[in-house]
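Chemist: Below: one structure in structure tokens.
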Amino acid sequence: MRRPLVAGNWKMHGTHSSVAELIKGLRQLALPSGVDVAVMPPCLFISQVIQGLAGKAIDVGAQNSAVEPMQGALTGETAPSQLADVGCSMVLVGHSERRLILGESDEVVSRKFAAAQSCGLVPVLCVGETRAEREAGKTLEVVARQLGSVIDELGVGAFARAVVAYEPVWAIGTGLTASPAQAQEVHAAIRAQLAAENAEVAKGVRLLYGGSVKAASAAELFGMPDIDGGLVGGASLNADEFGAICRAAGS
């Protein structure tokens, strides 16, 4: 049975003092024992969060890492080896904001996935369609292409040590949420694509839903058979709301 995972993506939010307050709130949460929980703060707060959450059952990850695994001459980037060194356990790759705003291609995303995994980090591969792509009936085609790029480059076995997050771009930061049925359709297609290559890998990989996840909608989403938790954006900046989402995953 797949163990649920709820990961909070703080995006480009926080100051030293506000992060300290959020850490305090997270430490006070009573988290369900059967759920893995992680937060992904901005890079410059990672060490603060790791130290602040020491002893609490919350993993810390990063929102991005470089295409090269080891440190070197790549100004402004952070090597996955450096993230592993400070105590990160996972990293987002291919988030839609980086694909759309910063122009990261499927090829770049695949390279980041490989680099992160080579350093012992768990890549959380983000896939999803824009509103225009959904309205054109291309949702499953787009997601299959994004997932297939990594499979073609690294083989399906790489997903035995990875997580996939489906995040419909039209639902991110908009307040809109895919219905449980819409989300399940895509999650089932992702698992089927993996199963076509390796049934055991497909059975074990955790698939998260991301896209304006709130406590009020979480339980119904997480009740779908192929949804194994959530990649939570804005709601993860509120400790109580985030805790409620984690409890929904445990129910």
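Any Cβ shown, glycine's included, is placed from N, Cα and C.
Sharing the features that Swiss-Prot gives for it:
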type     : residues                                           : note
BINDING  : ASN9, TRP10, LYS11, GLY173, SER212, GLY233, GLY234 : substrate binding site
ACT_SITE : HIS95                                              : active site, electrophile
ACT_SITE : GLU167                                             : active site, proton acceptor
Chemist: For the binding-site residues ASN9, SER212, which one has its C-beta crowded by the most other C-beta atoms within 10 angstroms?
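Modeler: Of ASN9, SER212, the one with the most crowded Cβ is ASN9.
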Chemist: Determine which residues of this chain, when ASN9, TRP10, LYS11, GLY173, SER212, GLY233, GLY234 are set aside, have a Cβ within 8 Å of the centroid of the substrate site's Cβ atoms, and list them as they appear in the sequence.
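Modeler: These residues sit around the substrate site: HIS13, ILE172, VAL232, ALA235, SER236, LEU237.
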Chemist: Excluding near sequence neighbours, so keeping only residues 6 or more apart in the same chain, what lies with its CB under 8 A of TRP10 (substrate binding site)?
Modeler: VAL39, MET40, PRO41, PRO42, PHE45, GLN63, SER236, LEU237
Chemist: Out of LYS11, HIS95, GLY173, give those recorded positions positioned within 10 angstroms of the residue listed as 'active site, proton acceptor', comparing C-alpha atoms, in sequence order.
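Modeler: Near the residue listed as 'active site, proton acceptor', where near means Cα within 10 Å, the recorded positions are HIS95.
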Chemist: Does anything in the same chain, at least 6 positions from GLY234 (substrate binding site), have a Cβ under 8 Å from its Cβ, and if so what?
Modeler: GLY173, SER212
Chemist: Which of the listed recorded positions (LYS11, HIS95) has the least company, meaning the fewest other Cβ atoms within 10 Å of its Cβ?
Modeler: LYS11
Chemist: Return the residues near GLY233 (substrate binding site) by Cβ distance under 8 Å, restricted to its own chain and a separation of at least 6 in sequence.
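Modeler: Listed in sequence order, they are GLY8, ASN9, LYS11, ILE172, GLY173, GLY210, SER212, VAL213.
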Chemist: What's the number of neighbouring CB atoms sitting within 10 A of the CB on the residue listed as 'active site, proton acceptor'?
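Modeler: Cβ-Cβ neighbours of the residue listed as 'active site, proton acceptor' within 10 Å number 26.
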Chemist: Three states by DSSP: which one describes TRP10 (substrate binding site)?
Modeler: coil
Chemist: At a 10 Å cut-off from the C-beta of GLY173 (substrate binding site), count the other C-beta atoms across all protein chains.
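Modeler: Counting Cβ neighbours of GLY173 (substrate binding site) within 10 Å gives 12.
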